[in-house]
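In what follows, a structure is listed as structure tokens, so that the remarks can point back to it.
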Amino acid sequence: EVDLERRTQITAVATQGRYGSSDWLTAYLLMFSDTGHNWRQHRQEDSLGAFPGNSNADTVVQYKLDQPVIARYLRLIPLDWNPTGRIGLRLEIYGCRYTSDVANSDGSSSLVFRLSIRPSRTATETIALKFKTMKNSGTLLHAEGQRDHSLSLVLEKGRLLLLDDKNMQFHSSSGGRLLVSLGSLLDDQHWHHVKLERHSAHLNLTVDRAARQVHTVGAAQSHGLQKPILSNRNFHGCLENLLYNDLNLINLAEQNNHQGNVTFSCAEPVSVAVTFTDPRSFLQLSGLTSWSSEVVAVALQFRTWNRAGLLLTFDLPRPESTVRLYLSEARLRLQIDRAGRATLELSAGSGLNDGQWHAVELISGPDCLSITVDKDEGATAHTSQSGRGCTNPFHTFQGCMRLLTLDDRTVDLMKVQQRLLGNYSHLQMDICGIIDRCSPSHCEHGGRCSQSWSNFHCNCSTSGYRGATCHSSTYEQSCEAYKHKGNTSGHYYIDVDGSGPIRPRLIYCNMTEDRAWMVIQHNNTEVTRVHPSPEQHQHSAHFHYAPEEAQLAAIISQSEHCEQELSYRCRKSRLLNTPEGAPFSWWVGGPGAGQVQTYWAGAEPASRQCACGLQDNCLDPNHYCNCDADYDQWANDSGLLTHKESLPVRSLVLGDIQRPGSEAAYRVGPLRCHGDKNFWNAAFFDKETSYLHFPTFNGELNADISFLFKTTSSSGVFLENLGIKDFIRIELSSSSAVVFSLDVGNGPLEVRVESSVPLNDSRWHSVRAERNVKEASLRVDQLPAATQEAPAEGHVHLRLNSQLFIGGTASRQKGFLGCIRSLQLNGVTLDLEERAKITPGVRPGCPGHCGSYGALCRNQGRCVERTSAFSCDCAQSAYTGAFCHEEVAASFKSTMSVAYILRPPHELSSNGSVPPPSVHSDTSPRGENVSLSFRTLQSPALLLYADSLDREYLALLINRHGETHKYFDRVQIGVTSLADGRLHTVTIGRRADAVSVQCSFSVVFFLSTNVNTLGVSVLTGSYELDTELAELASLGFTGCLSAVRFDSVSPLKAALLHPDGDVVVVTGPLVQSSCGSSSPAKTHTAETTHSLSDQPGSADPGQPLVNAIRSDSALIGGNAKHLSRNRNSLSIVASKRGEM
């Protein structure tokens, strides 16, 4: 311990071993104090307490303090030394003399200062001071300004609050609007530095090393700090070097500018604290003889972050009993176990693990037992007896204690330290070593920080982020990314910058077969009429978008294409006043506030044209917009804005609307963007010695790295960045293992994920690595994440200084062979493709996505490769949608049907009796595959009918439940009715004479008599329908059909989505429906979309079906009256049209 005899500004310390010996320190702690008591441990930037010492007796090791320390006393505590010697030390301290002006307040005095010159609004004002106190609350500063505004600096539970007060006089510390809160545990009787600066409308508050900026329109913006007042009405402690700009206010206060009992020296109350650092810590004291009279009084103060811990325990001789005072669930509990009698128990207080000092008083007498927590707050409980027992694990206490008294006698803890009183182990004496690990908080994105004595925890449940520090987003960055996880259209949270500061927002994703559109709504996407008004010369509209500005800009930037509809319908209302006049209307678009645009949708920027002007087809060739012709009839200038630099549309001004007879309407559609340049940004590494290099990765406290890779190689380095000692690396160490390794100064740390399947299978695999102050984690694909905890006391800053290498290393060894895609570091995508264009051995892009994503294409959909991404071709599927997953369904009535020509008709021979051989061979297949789903309450009913030119037919019916039929050469399946309103699926497969049927309950199939298999019967001879079959078919069908497929043909899909073809004939108002969903629904649901009744080529509902169906065709719902006349046709749902 060194006494410098006065407070000194210490800048560095140097150590050296004992001369000519083997005695030197290898590690030590530094402590500082103003009084020789209440020591404060000095910690390095990473909160490390231990300092490296010497490696020999002669070399001088100097440590420069990152911030100078003002203290009189310095204490060096050896931690470790040369194992072959003893403790030996030569110490040198570097610093300079320190002078200051100090004032002390007892809580009832104040310093007052009034400006003689009012500062301008644009002037910069600064207030700086230092303070120390043992009280956790009090008002440090109150500055009044004009317009009843004022600012206050208030100490509240050890934190410093900046309050903005309006229309209020000076008040208690709890009033005012909170602008910012900084610092923690500021009531530790150590000096803390505070600086408040005003720059125009901004206030900067600095407390020790922490700084925050706040924008205010209150006191700081409207005026200067006119009357800074240091109000000590509640503050009890010392102030030092109180400066307002260049004015030393304490020096001025000595000239009688103060009120009350202010002294100009700092009173230093001696308060010795003791710290229980770990589970082995204890303090043992002798009991008092007075306790034999059954009267016990114990008092103490404690502070801790733990919810549980044993504070003290002692035995009483009469009656024989054991007393335990402990924390449980952050409440104080007292338990007295008495021999042969019921246990006494009571509790008091709550939330006592908040890190604040709490005062406890325990009084036990023959007939009374009381415990009081924080007397001033009145938390007192009394009991005389309790018969309820309690089980408590009695965790050891970790925290600080002070002011311990036994029967009103204060325990001298300095005698304990000198081993003159009691016994102890693993204690820190004369110091409270509590640390607030949540100030500043390492929890990001609004995660809530909680802590224990030795650790902290982030609650990310409501933040939208995950990980130990709520760093990584739980959401994808685009609709494209959601689509490639197999998601369909819907609302999704989009986090455009991943772990960056932009918050996720809910956005609608429209997944089509070849696009994933992000649809961003604004406040008015409807068609809006504008009526003429003599008083109104212009009509203006402003559009506000749901995402914040930063998110909107990021979406547009990272999308491959964006567009927005801009439509104007007009009657005697000119638009751009082309070709020479000043434009009557314009719109504002682009990032930020946007820029005025005088071109219209469909034209080029700055062209002053509409789409018709670009295409040279305007109504009046002398103008470049249809509306500029000024006709007394409705015209239209509409189109899409596609230049991303001009999007989104932020406002619209229409000018030519005041003339009599002028009418107009406009629509600004939602912003629609597709493609994700980041998601598909890829590079292919074809040499082990090749790599891409980027600037040094900056991820000192939090780093997340994500990418996708595919390879056929068994090993290779994905990424590496080095520092002097620190490094970070991710590599494929074997064909089934990915390793994330790093070192932040505590020694190498490795996280490994092993896969049960090979990772070098030339398919895309995802990797996500994260490192923060608590742990390092690694996830590969959907395998469980592997984690490694960081040391509780160790370096936390990752310091790198070399280039970042991708696909290789600086040594050109262990390079990666294959593709890396969508590489993001802390939410920022590295442009691999641009760098690959100029790098030998690396190629931009990486084709071949169907191997990884092809399984997303369902129901016979075919995966189609694209340069960036893939799409599902649903042409051969009965389904539609992005992944061929959406059932195509329709609700039928008995008068509706669909006919499909299976192949184009051929010209017959001259006698018209025999078809060409090629036709006959094609229309006599050796097998069929048929599948469909249906829902109905009707039985019996015809679902599907198909015939061919060689007089074969297939019919699918629902049989009447409960009846017994004796059909020739056919078999009935099941006895349960299918006409129950539920969705049923039927699949038929025939190969030559082998037929397989998969169905739900009672379904009957018909085929030629050459085959007699389960559920199928065949009729041969002359082509005459079974009479009973024809009767069933004549009833028609009422219900729902969906996903109808006959070999490679999807007749219902063709009828609904492509009704204009010459192979489809629709009878009745066929409407696409959602009736094919698995949930129960009505058998017929009216629809208002996708109606085909008015489409060209649609059959009139009253038209005979025979005129609509040709040979070599298919009918879905064909009329049974004409079934015998059709050849090679497929019919769905028979129409009810008379008798056979």
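All positions are counted from 1 along the displayed chain.
Backbone N, Cα and C atoms are what each Cβ position is placed from, and that goes for glycine too.
Note: TrEMBL annotation is automatic and uncurated.
With DSSP classes pooled into helix, strand and coil, the tally for the domain 'F5/8 type C' (1-96) is 0 helix, 56 strand, 40 coil. Sequence annotations record features per position, and here TrEMBL assigns domain 'F5/8 type C' to 1-96.
As annotated by TrEMBL, domain 'Laminin G' applies to 101-266 (among others).
Positions annotated as domain 'Laminin G' by TrEMBL: 272-432 (among others).
Residues 47, 159, 183-185, 210, 275, 303-307, 355, 398-400, 493, 495, 499, 503-504, 701-702, 704, 770, 772-775, 777, 792 of the same chain, all 6+ positions outside the domain 'EGF-like' (434-471), place their C-beta atoms under 8 angstroms from a C-beta of that stretch. The domain 'EGF-like' annotation in TrEMBL covers 434-471 (among others).
Taken from TrEMBL, the feature domain 'Fibrinogen C-terminal' covers 470-522.
The domain 'Laminin G' annotation in TrEMBL covers 681-846 (among others).
All protein chains included, CYS819 (disulfide bond) registers 23 other Cβ atoms within 10 Å of its own Cβ. Annotated disulfide bond per TrEMBL: CYS819-CYS846, in sequence order.
Residues 480, 483-484, 486, 488-489, 511-514, 516, 560, 675, 680, 710, 762-764, 931-932, 1043-1045, 1048, 1050, 1052-1053, 1057 of the same chain lie 6+ residues outside the domain 'EGF-like' (847-885) yet bring a C-beta within less than 8 angstroms of a C-beta in it. The feature domain 'EGF-like' is assigned by TrEMBL to 847-885 (among others).
The domain 'Laminin G' annotation in TrEMBL covers 903-1075 (among others).
According to TrEMBL, the feature region 'Disordered' maps to 908-927 (among others).
What TrEMBL records for 1075-1104 (among others) is region 'Disordered'.
TrEMBL lists 1075-1096 with the feature compositional bias 'Polar residues'.
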The domain 'Laminin G' (681-846) touching the domain 'Laminin G' (272-432) per 3+ Cβ pairs under 8 Å rule: no
Set of same-chain residues at least 6 away whose C-beta sits under 8 angstroms from CYS846 (disulfide bond): ALA682, ALA683, PHE684, LYS710, CYS819, ARG821
Summary of DSSP states over the domain 'EGF-like' (434-471), given as helix, strand and coil counts: 0 helix, 10 strand, 28 coil
